[in-house]
Amino acid sequence: MGTIVLKMTAEQISVLQKDLASYATATKNPYAFFSAKVDGTSVIAYTSGKVTFQGAKPEILASRFGYQAEPKQSPDGQNLALIGSDEVGNGSYFGGLAVVASLVTPADHAFLKSLGVDDSKNLNDSKIRQIAPLLEEKIPHKALLLSPRKYNEVVGDGKAHNAVSVKVALHNQAIFLLLQSGAKPDKIVIDAFISEKNYQKYLKNERNHFEFPITLEEKAEGKYLAVAVSSIIARNLFLKNLDKLSQEVGYTLPSGAGAKSDQVAAKLLQAYGDQALQTTAKYHFANTKKAYQRLK
């Protein structure tokens, strides 16, 4: 929970009141004359002329009314042209595996921040569906989607890949294609899902290679705008694929790998047989066995 306090003129507060009128809430504070709540951020205007913004990300709303964040020291490479790569779908039973690599330069930062691109994990799916097309249009990127059918052909015992090596292959290919398109980064960062040593081990099996060094960094999505952009575009690609598969089978396929996925998988088995899971799900997940057990 963060708090931002602004000293505002009567005119500025009047503008704030008008803008947030539809979000107004009641306040019992004797020193406050206006309060509102917008997307989880509480706003209170005091008779002293001070206005507080309190919530998980108060700076987003406060910036609309004159707040300017103190410059923070950026992570190494943040102020460089940076390729960031991330994947979505690897933890979901249903749906494909989406990997996106994006090139972000310092000139893009203001645009990205105006959209609220920080860490896509703080954005709901509705917001992601709204933002992703804007990012796809403006930010150079390469997006790959491995469908469940293709995933099941290449991932598993005795097949070309395991669940980790297939991600190495997709990240490598997305970055390779972006570099081939003319992207000239100062740094390449992947949201870490494996050690550097093992990444390089799996990389030896790939056909396409590039000389530019990569950095595997944990929680990179929250540190680098390029990785956050890739995460948002990848999430949207994954959701669109999940929608398409749901329409094809006539059942709403959930994201994730919990009990709901077991239930839907059992219904698909009952309605269409094993082939339905081969074309909509990552078959090697434990959910497949649990779905069969539900039919006994």
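Cβ atoms here come from the backbone N, Cα and C positions, even for glycine.
Quick caveat, the model's predicted, so the values are computed rather than measured.
Site annotation for divalent metal cation in Swiss-Prot covers Asp86, Glu87, and the matching candidate from Asp157, Asp186, Asp191, Asp243 is Asp191.
The binding-site residues under consideration are Asp86, Glu87. Their Cβ neighbour counts within 10 Å are lowest for Glu87.
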